[in-house]
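My questions all concern the structure below.
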Amino acid sequence: MKRNSRISPSGEENPGLELTDAAFRPAIAYSASVTSASVVQSVSQWAAYARGRWKRAARKCVRKKPPGQPVGSKYKGLAWDEDAVDGADKAQQLNKCLLDHFRALASSNKDTDEVDLQYLNNVLAEGADPNSTDRYGQTALHEISRAWNVDVMRFFLERGADILRADAFGVRPLHVAAALDYEDMIEFLLERGADIEARTHKDLQTPLHFAAKNDAIGAVQLLLHNGANIAAQDYKQRTPLQLAANLDRSEAARTLLEMGADAGVQDADGQLCITAMIDKMTPVANLALNQFHVKDRMTRRQFFYLQLLEPELTCKTYSGWCLEFIVHQGKLDLIMHPVVLKLIKVKWNLLGAWILLLLNFLFIVSWTIVAISVSVSREEDQPYVFPQDWWRVLVVVLALGLTVLEVYREVMEILNSHRKLKAWQRWSEQRLREDLTHTHPMWPELYIYFLSFCVFFLWCRNIFDWLVYILLIAVLGFHMADIYLVSPTLQTYSLRLFAVTIIFLWLRLMKHVRAFRPMGPFIVMLGKIVGDVLRFLFLYAEIYIPFACAFWIIFGGLTDVPSMQTVPKMLYSLYRLTLVDEYEFDAMVAVDSVMAHLLCGTFLALSAVLCVNLMIALLADTFQRVYDNALANAVMQQASIILQVEESMPGLRRFYDKQYIHQNCAPLGEFYDDDIITDPEQHEGMKELTAQIKLMRRFMNMSEGILVHSPLQIISKSLRFGSCRLTTQSFSSLHMFSMGLMCFFLGHSFVALAVCLGSLSCWKTQLRPIFNVLAEGRRLSQDFTVHGYIHFPIDAVK
């Protein structure tokens, strides 16, 4: 008796205890040889099948996820059984073995993993169901569509697997392949009869929806080329484009737009597709806005579909419109789109927002008259003498009424903003809750994204306006106390407070003037330089404080230096020293000559030269940056005023037709000529060329016959006509040069040099046309000079 070796079906040697005899040795050897031959035959049978994992293209891996992240992070694949079922029949055990094979490979997640087709063939041959499912109804085809080669899918389809079998949520293998951008699998499934318009059970989404919300660009293009419906809607009436916009899938959204998707749709919750694009993907939104501007070159007409940007309100709509998102997020590139500009123009003319400026101007003028009338010296003990001062009382009542109106408008703006914020939060939470209930448990990426999306915005308050209102209330209180308690002290404090309040009150007018495009950019510049001023003040304080202490230590409290006898006088004297104003340098030299020269020289160098020049550089840089977007900033301020009127002044909204845009701008037709619209640089070049041609025509003084001029006349005419252009263009250069000379005489040598060089560079640019004319005249004089005169033939002039 001895141990014998048996060959397993997989080709490996399995030792087993056998009682054998010599008579059985030939038979055993024969059976071993037959088994080995079958193994070799099975191996050659599966050699034609690619059993490895799906190898993604490098560009897709970089675009989809960072290195090291597994392919199935979007989709987990088959779910593991929670509890093993005891006493299960053979069919259930075989089905479990079939699915466990893919579960084990998914857990391994190695590039060298391969599907054991021989093992699966044996399991299927023994009675396993190729359509066996896990607890979510997912079959092996779902896992194969996720990570395995097309040949593995072919293997299962040849053995009876159902390509149209969906899981418990309605997700089919085509949905999985589309979501993961598996183009080869999509083509194979479509060739085998997969339904390209198959919908899931709860959210009613097609494979195109899955491709769009997972940013699968290749799958989107492939599905559309095979006839997928680009306007298919899910349970919230969202198209694939809107779903991609809501989930911030910019590449998929751009691809869908290029393939002809409609950006003017609205879902069941009232959210616009273009609004989601403006919020999350500005470049794509700029491309989508082109759909709302249609040009008909044959009839020379252009049409603006403004009603699609502001559809009619519904009970569920709290998402905000396009103009609101553009203004709140400061998207200057979108505000200059022709469609948005046309919408702003229509609403500006419709609302009559200039009324707001008139009301504020009347409000400011009334308080200014009150302040000036109070400041007039009175001979009587009473502030008001009747009946002579009846008009003063009328102005005060008018000012108080306008103040109450402004405060009421501000309060209503805060309440409306808070109410709108709460409504938007409830609306967003309801949307997210509905989407979470329809999320597949084996698709964790969407679930995590929905949870992290709960971010809300809040409008900033008008702090400067409330400062003005508080000052006005304080002024009114002091004035009323001065009326009932006639006191010179109260009158003094009342006048001082009036003087300060009037300054802030007139500065507040810029808030409403900025909506007008000629003044808007300059007012925006003033707001942008606040940060630069704060940085300058910090640097100036670092120099000012230690030098103030040093001056006080050496010269403080001395009667020989009157400007530094007290701390306030000393601080103001240092400020005048920064401005290179008059200061008592001789008196300081008389007290301490060494320290006077040392402190005054170093303080002038650091404050008047260094700090002031840094301040000029910061302001110049800010002005340049803001001026580059000057028109966009002006339009942005205009749109902001429109939103303010719409939300905080319901009284004005009653005077215009709320259906005007839907009735008259659906679409809005206007004249259009593409020849008029030119490139800005080309337009400026044509203007310069036209000006030079006009200058040459005036210079040559054309008339019939032969024109005769001397070279001296040519030069004089050139200078005369050139100086006409120079007079209107070089005023700013002369002003700059004079300012540079003034800075030089005041001691700012570096500033003077920089300003003078800038003015000379401007002069060089402006004198260039004259130099060109003189050069042309010199060339003509050399070509056509005959006996000291120039003859201009008419043909040459033409």
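Positions of Cβ are set from backbone N, Cα and C atoms, glycine also.
Note: TrEMBL annotation is automatic and uncurated.
Feature table excerpt (TrEMBL):
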- 449-629: domain 'Ion transport' (DOMAIN)
- 136-168: repeat 'ANK' (REPEAT)
- 169-201: repeat 'ANK' (REPEAT)
- 203-235: repeat 'ANK' (REPEAT)
- 236-268: repeat 'ANK' (REPEAT)
- 351-377: transmembrane segment (TRANSMEM)
- 389-408: transmembrane segment (TRANSMEM)
- 442-459: transmembrane segment (TRANSMEM)
- 466-487: transmembrane segment (TRANSMEM)
- 493-509: transmembrane segment (TRANSMEM)
- 533-555: transmembrane segment (TRANSMEM)
- 594-620: transmembrane segment (TRANSMEM)
- 736-760: transmembrane segment (TRANSMEM)
Are there residues at least 6 beyond the ends of the repeat 'ANK' (169-201) whose Cβ is under 8 Å from a Cβ of it, and what are they?
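Same-chain contacts beyond the flanks: 54, 60, 64, 71, 74-75, 136-139, 141-142, 144-146, 150, 153-154, 157, 163, 207-208, 210-211, 213-214, 216-219, 222-223, 226-229, 232, 440, 443.
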In terms of Cβ proximity under 8 Å, which residues at least six beyond the ends of the transmembrane segment (594-620) contact it?
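Contacts of the transmembrane segment (594-620) (Cβ under 8 Å, skipping residues fewer than 6 from its ends): 529, 532-533, 535-536, 539-540, 543-544, 547, 550-551, 554-555, 574, 577-580, 583, 585, 588, 747-748, 750-751, 754.
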Report, as numbers and ranges, which residues of the same chain sit near the repeat 'ANK' (236-268): CB under 8 Å and 6 or more residues beyond its ends.
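Answer is 63, 205-206, 208-209, 211-217, 220-221, 224, 230, 274, 276-277, 280-281, 283-284, 287-289, 291-292, 305, 308, 311, 316, 434, 446, 449.
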Quickly jot the same-chain residues contacting the transmembrane segment (389-408) by Cβ under 8 Å, restricted to those at least six beyond its ends, or write none.
359-360, 362-363, 366-367, 369-370, 373, 465, 469, 472, 476
Do you know the DSSP helix, strand and coil residue counts for the repeat 'ANK' (236-268)?
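Each residue of the repeat 'ANK' (236-268) counted once, the result is 16 helix, 1 strand, 16 coil.
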Quick one: DSSP breakdown of the repeat 'ANK' (136-168) into helix, strand and coil?
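Secondary-structure breakdown of the repeat 'ANK' (136-168): 17 helix, 1 strand, 15 coil.
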